Structure formats: structure tokens, C-alpha cells
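All remarks here apply to the structure that follows.
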Amino acid sequence: FKGGDTCEYLLSSGRFLGEKVWQPHSCMMHKYKNSEAKNCLVDKYIVFIGDSRIRQLFYSFIKLINPQVKEEGNKHGNIPFEDKSASIKVDFLWYPEVNGSMRQRIKSWTEGSVAKPHIIVVGAATWSIKIHNGSNEALTQYKINITSIAPLLEKLAKSSDVYWVLQDPVYEDMLSDSRKMITNEKIDAYNEAAVRILNSSSRNSKAKVKVFSVSKLIAQETIMKSADGLHLPESSRDTNAMILMNVYCNKIMKPIDGSCCQPEPPLTLIQKLAFCFFTLSIIGYLIINLIHRNNFRKNKSCTDLESGEEKKPAISTPNVSTLEMLLHSFCKLGLIMTYFYLCDRANLFMKENKFYTHSSFFIPIVYILVLGVFYTENTKETKVLNREQTDEWKGWMQLVILIYHISGASTFLPVYMHIRVLVAAYLFQTGYGHFSYFWIKGDFGVYRVCQVLFRLNFLVVVLCIVMDRPYQFYYFVPLVTVWFMIIYATLAIWPQIVQKKANGNCLWHFGLLLKLICLLTCVYFLSYSQGAFEKIFSFWPLSKCFELNGNVYEWWFRWKLDRYVVFHGMLFAFIYLALQKRQMISEGKGDPLFSNRVSNVLLFISIVSFLTYSIWASSCKNKTECNELHPSVSVVQILAFILIRNVPGYVRSVYSSFFAWFGKISLELFICQYHIWLAADTKGILVLIPGYPMFNVLVSTFIFVCVAHEISQITNDLAQIVVPKDNSTLLKRLLCIAGFFSGLLFFSAMQDQSRH
């Protein structure tokens, strides 16, 4: 860890990912849109001063503000640009040599006789080499001139951002005869002089002229594509302009995926309180542990002198063991949350942008699928969607989703559409699992609801506090939480219809179907009435949970994307359990689900349906149009997979313990990836070991999986303490939890007020 400012890395080092994507060393670069560029540069005056290469950079920069600009100005003259809507003024000043004229212009800004620019971009040298035929005298004069200009630039740097652009290398073989004297050796000499002289009088000062040397690295890779051997191709100069925009705007706009030049965010009041709580938990646990160790030594089994028998040490009381378990869990959680904070909030570890290639996605997919097959075991039971099978299903889906995220495969539409089906399948299991439980058990007690809500939300609530993120940011947990409450409400409201009651009278089945139709009608209405949906979730305190960036549109979009699949899961569970009760399916070990003929027909239809959906998803051209169809058609591939997996008896009787192990911690894996595997809130990749991408992924993945597994155990341990079975104790716990969230809302309101 070198420390220092990531701006220095952005301006001086990096590499290409593929042919056109530039990756700065240690940090992430945001791709600015026109609207973002205007918001950042509103009321700003920017000056580019130099030769034709600086003019190229000027045009690329103003195209970030207005893409319609054409390069039509006088090539050897000043070129003005103004965006009146945002009061942005950008000028190019033609000064191809570092001489007295350039000095006079810069001096006028220091004297206040003319408006001082907020950003100054300067650079020149190739004209000096060309006009003086590469003579040593010209280099000497260049050093003298830049020495006289340097103090003026350093003075301007106290109140403005000043960038000196080093000269890019040339492609000597392509240079015209009039430019043959411009060699890379000469350019290196001029660059060396500029770097040595600039900031020489202000080395210990914070106000420095920033040396823009990264363009040299970019040019080394791309100058061969130049039209004349001197000027950069358009893609390269656009990259330079985007780097310049990141250097200046990241600290103002604070984009999530632009970690370069962003200062470490200050700790909020809630984060400070969380830090104190975890610190006290660690201290408390250590104190109790020391007391127990001392008591153990004092009460160590000793021989009774009369009987010769050993006396056993006294067993600790349940209250002490519960307290110790609580503190132990919070102690571990505190250390884990420290790692989370260091990975994704402190500027300690490096972050890099994602870059998608087909091999980076499909090779790991093939690898884990082959690996999963090697861990095939017999299932304990052979029912449709038994526990081992659903864990396996969750596991392989979660691993595919993780690979999808780290490889940046969302840019490839066919992969995106298939991943959408996997997310829908999770929600399908939510509908199937919770409906089956309530239908069979008939348990609508508060204990069951609190257990499910605690297990789903505990980690996310802690992360919202520690990482200073809204609840809706972890969109999948709010999604499954709301759907669980909808399933509960649908089945719990009068009349409560469960399997035991329905077995006595078949009419109750129709009553349940009527409930499901009412649910489907409500879902359909809300999906096409954005206003009604937003009104429901805009009421305080619901708005605090479901707002993101000041509105609930993101929540509506996420909910709408898979709006029918939970209903499909509930309906499938109802039909399956009805068939099972009437013994219309065979679930014996090795037996097909139906008769051989029916099973073969179903299997054939399922395979055709599965492949048909994949062909349709692979032919998608427009993400918006495909997302519109997705809620209605995703169930086709889900049902096809279930039938392929369960109709043949030999397939239903085995499962992959490898995938099932990951399935048991799938929720923790999905949430933890945001901060300790990916970076910048999933927009980039965490770099623990720079320079070795494969080794870095192996190390960060190992830590990430271990942490997710540990958090799963902590959640299970705390669930037993926080949500007890005794109703009176549970009521007290719920009052404490209500008080905790009231305090959280109060401190959150204080934070919002201080920010505004």
C-alpha cells in the first residue's frame, strides 16, 4: 500500500482492458454522460492552451458537454465554446510554443485583469522541435521559457486546477517529411525538462501543477492507428478527455463507479455509534472470556481427599451463556464489518472497472458445473423440490449470478436475460416454499413471521448502518421480504384456508383459488398503475425503506420486473400438493413422477420449452422490450427446469452436495458480494493483490465465501436469542426492536438535516 492520492494514479498510470477500455491503476473511472458533465461544470470557465494536440483534447472535452459539436474552427487560431443552458465557457487558445506570448497570457490571469479560469490545460513542444529542426538550442530555450512560466502556473494552481499535458510519442514511420525531426528521443527530452522544472519551487505545497502524463501511456498503445503519426486517434483522445473529466468532477459528483479522486467519505453519526457498539461488544466478550478462564483454573477438577473422586466444575448459568453467545456473535460481526468498511469505504484497497469477455464468463461457468457433478450424492428423500434439491438449485444459481456480476456480463443481452430467469427462480422458490409451509403446517404465529423476517433482514440492516446505504440499495432482500408478507397476508386473512381444513371439504380449494385470483388482480393493477404503487410506498416510514435517490421508482421497477413469478410459485405448490395428496404422482426412489408415457411426453415438452426460451432470450435485441415480456414468460423456463429435474426418478434421487453447500448460504453470498468481492457497491472489482488478476480473484473469493458462511452462522445464532419461542419474551424483544428502529429513524433524520 503506497497511500497517496488516487488522482496521481489516474493522471499517471493505467492499462488497456481490451482495445478501448482504459483502466487506471488502483481506482475506477466513471463514464460521464452529457447531463452529468453539465451539472459538474455549471458556471465554470475552462481554458485549453497549446498546439494542435491540445486542440484535439479540447474538442473531445467539449463533446462530453455537447456531442453535436463539429471540429470546424480555425486550426491555427483561438476557438471559443459556450453552453448557455449551464453557463459553461470553454476556450481553446492557440499558443503552439512555450514562449513570451504564452507567458503574457498566463500572467494576465494571475494579475486579475481578465477572468481567471477554473481549469487550465496547457501543453506544447512539437512546434518548437519542428520550427528549430530539433536543435539543442531550442531545447535550452524551452527550458528557460518553461522556467519563467512555472511560477505563474503554480500561483494559479492555488485557486484553479492547472494541468500540464506531457507530449505524446509519435509514430516516426508515418510522419511527413516536414515532421521527420520530431522524434521520440526529442519528445522525451522535452517532457523530462517540463517534469523537472514544474513545481520545483512548491514541492511541499498542496497547490501544484498536475502533470498529465497518462496520455503518453495511452499513445504508446494507440499511436500506430494515427492518421499522420503525430495526432492521436479519436478513441484515445476521448479517453484523455474522460480522464480529465474524472479528475475534476469525481470529487464534486461523487459517482459510485468513479473511485478515482474521491475522498474517503466522513463517518456518519450512526456509523460512529455502530463502531462504539461493536468495540464495546469486543471488550465485553474479552472480559467475560477472561473471567471464565480464571474461574475454570480455580475450579479445575481436584481430587476429593475423602472419597478420591473428581469434583466437576460448576456449570455456568444459562443467562451467562446466552450473554456470552450474544457478545461472541457481535464480536465476530464487528471484526467482519470492519473488513467490509475497509474494503469498500476506506481508500485502503484498490478497485478496478469490470471488463466483459465471453471467456471470462463462460469458462468459469463450465468449470463450476463440472466441479458440481463430481460431488453427486443420493438424496435423503425423493420428493419433488426436496430440501437438498432446492439448496442445490439455489447454490448453482448463486454461483452463476456471482460470475455474471464479476465478469460484467450484464452488457451481453442474452446472458442478462438468462440471469433474469435465475433471479425469478429465487422468487419462485419464495412463493413455493412459504405457501407450502403455511398450507401444510397452518402456522400463522408471530414467532414464524419474526424468524423469517430476522433471517432475511439482519445482515442488510447491519450493512445499511455500517456502510451508510439505504435499505432499497440491497434490492433483493426488500423484494423477498415484501413478497413473504404478501404471501402471509393472503393466506392468514379470513378465512384461513389450510390443507387440513380443505381435506374435509373440497369447496375450500375453490376458496383458496379465489384468494390467489384476488392476489393476481392486485398485482396486475399495481404493475400498470405506477402512481398508486408509489403512493403506497411513499408514506413515512415506508419511504425510508424503499426510496433510492429520493424516489421509489427503482423499487417499482424491481418489483414489476418479476411481478407474477411468486404467484406462479404459489400456484405450482398448490397443484403439486393437491396431486401428492391424491397420490396421482409417484415419488419413490428411482420411479418416474408419472407413468412412463406421460413422463416421456412431459420431459420432451420441457426440453423443447427450455430451449425455445433460450433461443428467444438469445435473439433479444432491445433490453426494454425483453424486460416487458420477461414477467410473463420467465415461468416457462423455470417450470421446464423443474420437470426436467424431477420427472425422471434417477435424476430426482441425486443431488450435488457442492452446490447445496453454497445454496445454504446463498442469501449471504448475494449480499456480501456488494462490498467484499466486488467493489464500489458492485460497480467494480475489489483488488487485494494488484498485478495478478487470477490470484487476486482466488484470494478475495476465498475470504468472501468464508465471511458469508460465518455471517450465516452468526445470523442463526442470534435468531435463537433475538426471536425466542416464548410469546411473552418475544413481545419484549419486539418492543426493544421497535425502540431500536425508532432510534435509527431519529438519528437518520438528524443526519439528513445536517447534510442539507
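Positions of Cβ are set from backbone N, Cα and C atoms, glycine also.
Any TrEMBL annotation is an automated prediction that lacks curation.
Quick caveat, the model's predicted, so the values are computed rather than measured.
So that you can see what the record holds, here are the features copied from TrEMBL:
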- 22-92: domain 'NXPE C-terminal' (DOMAIN)
- 253-734: domain 'Cas1p 10 TM acyl transferase' (DOMAIN)
- 269-291: transmembrane segment (TRANSMEM)
- 355-375: transmembrane segment (TRANSMEM)
- 396-417: transmembrane segment (TRANSMEM)
- 452-468: transmembrane segment (TRANSMEM)
- 474-494: transmembrane segment (TRANSMEM)
- 506-526: transmembrane segment (TRANSMEM)
- 561-579: transmembrane segment (TRANSMEM)
- 600-617: transmembrane segment (TRANSMEM)
- 629-647: transmembrane segment (TRANSMEM)
- 659-679: transmembrane segment (TRANSMEM)
- 685-709: transmembrane segment (TRANSMEM)
- 730-750: transmembrane segment (TRANSMEM)
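Note on the transmembrane segment (355-375): residues 17-18, 21, 23, 396, 399-400, 403-404, 407-409, 411-412, 415, 656-659 of its chain, located 6 or more positions outside it, place their CB under 8 angstroms from a CB of the stretch. Between the transmembrane segment (561-579) and the stretches 269-291, 474-494, 506-526, 629-647, 685-709, the greatest number of Cβ pairs separated by less than 8 Å involves 629-647. For the transmembrane segment (629-647), the list of distant contacts is 384-385, 389, 393, 417, 420-421, 424-425, 428, 527, 560-565, 568, 572, 592-594, 599, 602-603, 605-607, 609-610, 612-614, 616: same-chain residues at least six beyond its ends, Cβ to Cβ under 8 Å.
When Cβ-Cβ distances below 8 Å are used as the criterion, the transmembrane segment (600-617) is approached by residues 414, 417-418, 421, 593-594, 626, 633, 636-637, 639-641, 643-644, 647-648 of the same chain, each at least six residues removed from its ends.
Counting residues per DSSP class in helix, strand and coil order gives 22 helix, 19 strand, 30 coil for the domain 'NXPE C-terminal' (22-92).
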